[in-house]
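What TrEMBL annotates here:
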{"type": "DOMAIN", "residues": "332-481", "note": "domain 'BD-FAE-like'"}
{"type": "TRANSMEM", "residues": "7-29", "note": "transmembrane segment"}
{"type": "TRANSMEM", "residues": "35-57", "note": "transmembrane segment"}
{"type": "TRANSMEM", "residues": "78-99", "note": "transmembrane segment"}
{"type": "TRANSMEM", "residues": "105-131", "note": "transmembrane segment"}
{"type": "TRANSMEM", "residues": "152-181", "note": "transmembrane segment"}
{"type": "TRANSMEM", "residues": "187-215", "note": "transmembrane segment"}
{"type": "TRANSMEM", "residues": "227-249", "note": "transmembrane segment"}
Amino acid sequence: MKSLSFYICSVLFALNLLNIITGTIYFIFPSNLFVWNINGLLIILTIFLNSLFFALIGKVREKEGTELKRVRILTYIFYLYTNLSVLVLFFINFVGYTPDKVVNALFSSVILLTFILLFFIPLVILLFFFLDSKKKEENRNKVDVRANKKKILYKFLKILLTIEALFGMIMGLFAIIIFFAPRIQNTLFFFMNVFFIPGALILGIVIYNSTFFLLYTIKKKISEMKFTATTIIVLGLAFSSISFIPMGYIPSTISSTDKEFSNAFNSYFDGDWRKIIEDSGYEDYLLETPFQLTGYFLGTGNPECETISNVLFFDGSESNYLVDKNIKLYFDAYLPKKPTNDLPGRNATIIRIHGGGWVIGDKGMMNVQMMNRYLAAQGYIVFDIQYGLNNNTQVFGSLQSGPEYVYGDFIIDDMLRHIGNFTLYLEKNAAKYGANLSSVFISGGSAGGQLACATALSIVSENYTNIFSDKLTIKGLIPYYPANNVQYEFATRSKEEWVNPSLLINQNSPPCLIFQGEKDRLIEESELIKETYLNYGRKDCALLTFPYGSHAADIYFPGHFNQIFLYYMERFLILYNS
């Protein structure tokens, strides 16, 4: 008669095999169908059951004295690899696909192989359990020359995994602080928020896996380890559960963002903005659902587009301003591959401005490069631009991550002048890129969001034609957590309305869609933008807020914050791209 463990092994074997099959299908044919949420839940469930089963069966077999050393080593490899694999998947999706086809091919291969091994290693371990249930290992106590090598490998894996597991539990403590503390302004916690919140699901899996690894390695009989095991399980599951909190808010977040979007724009489209999307003929190109979980792990595919990198648009040596003398500014252009009349973008122009507190950051990878590629694949002409960064401030201490050639003692006025130079360049060269200047959207995050607000609102005001081209027709403004009204020293030397672009809002301002995390202390500035729009009788400013969302919560492109916002952003673009 077959034991209970045999049937559990059979179920786990089937689940792991199913994940390999469905994950491979999704990776080859990525889509945004709702069914992939079910598959995503299956991925998480299988990882959790694997971790729990291997810990418990290991303790049982240790008690019986029947645990095979090779199985124990493989189980150590499982725990180590599971944690590393989800971190690798997060990292590659965080970096995103690039203009380099070789790098993209490498990324794709690593993602698929990493995911397959995540479930193939448990299959191998389960197979050993199957075989061992029929026949015990022969010559178990026989000494051979491989014994010492196995012992060394066993100890090495145990030490490595113990360090990793303890680190995971420490991260759980930080998770509690990050999720439940008020908006902390400490620089360390600021950067931890940036990565921990979007990657909270990954953190939760690592903590959960670490919990059962520690349980697995306790060298005590089950009857003697009740207190220790209980402590580990309670702490581990508590920390892990806390990390899953942001994901638990997804249904209510989708509901609230949909309501906010509809309240803002319905009245401008005969009471039903959805009908405009349906009648546009482009609905099939858009995300079908605001979120799908499988994409969180495997990414959302590689958007096909053409990229023209590092095009010079401003040489400081030719400037009339002495402060510009040593700088050069470049942009990257992202262009659609398909005929753009068939795509939602229809050659509309999107100018994207990177963030970084006006002192760090750059175009490309540091400006959510995947967003540029996605929008270009949708038919938009996307320009990811540089501007001068300040090198005479302690905003992030002495940290300077931008290229050396963009630094100077620049104030916000200078930065906007640099962006203005790009608009003048674009006026002369739009035809080269196929850019439609009669339909322009401006977007940016944090400092880039503040500069995007100042740029769009200044152009629409028509009061700064000496700085910005008057040939650009601004159809929409899309700031992410805009850092308006900062009081850094270099900002106090700038125009008040450029430091605080809310002062530029009037009845003629462009429609606006704002991304804002509720844990971000800049939320008040986003609320002020919406309030000012309303004060001028303008309802067409939607503030989409995300529970537990940190500053830069969109930085993980396949994360739930970005997926949900992108669902509404691409519809906002269609509504106003005319």
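Going from the start of the chain as shown, residues are counted 1 onward.
Heads up, the Cβ atoms here are built off N, Cα and C, so glycines get one too.
Across the candidate stretches 7-29, 78-99, 187-215, the maximum count of CB pairs under 8 A to the transmembrane segment (35-57) is reached by 7-29. Non-local neighbours of the transmembrane segment (187-215) in the same chain are 44, 47-48, 51-52, 54-55, 59, 79, 82-83, 86-87, 89-90, 94, 161-162, 164-166, 168-169, 171-172, 174-175, 177-178, 181, 229, 232-233, 235-237, 239-247, 296, 396-397, 517, 519, 548-556, 559, 561-562; each lies 6+ residues outside the stretch with a CB under 8 Å from one of its CB atoms. Among residues of the same chain six or more beyond the transmembrane segment (7-29), those with a C-beta under 8 A of the stretch's C-beta atoms are 36, 39, 42-43, 45-46, 49-50, 53, 108, 111-112, 115-116, 118-120, 122-123, 126-127, 129-130, 133, 294-295, 298. Counted over residue pairs separated by six or more positions, the transmembrane segment (152-181) shares fewer than 3 Cβ pairs under 8 angstroms with the transmembrane segment (105-131), which leaves the two as not touching. Averaged over the domain 'BD-FAE-like' (332-481), the predicted model reaches a pLDDT of 94. Remark: secondary structure over the domain 'BD-FAE-like' (332-481) totals 56 helix, 41 strand, 53 coil, with classes taken from DSSP.
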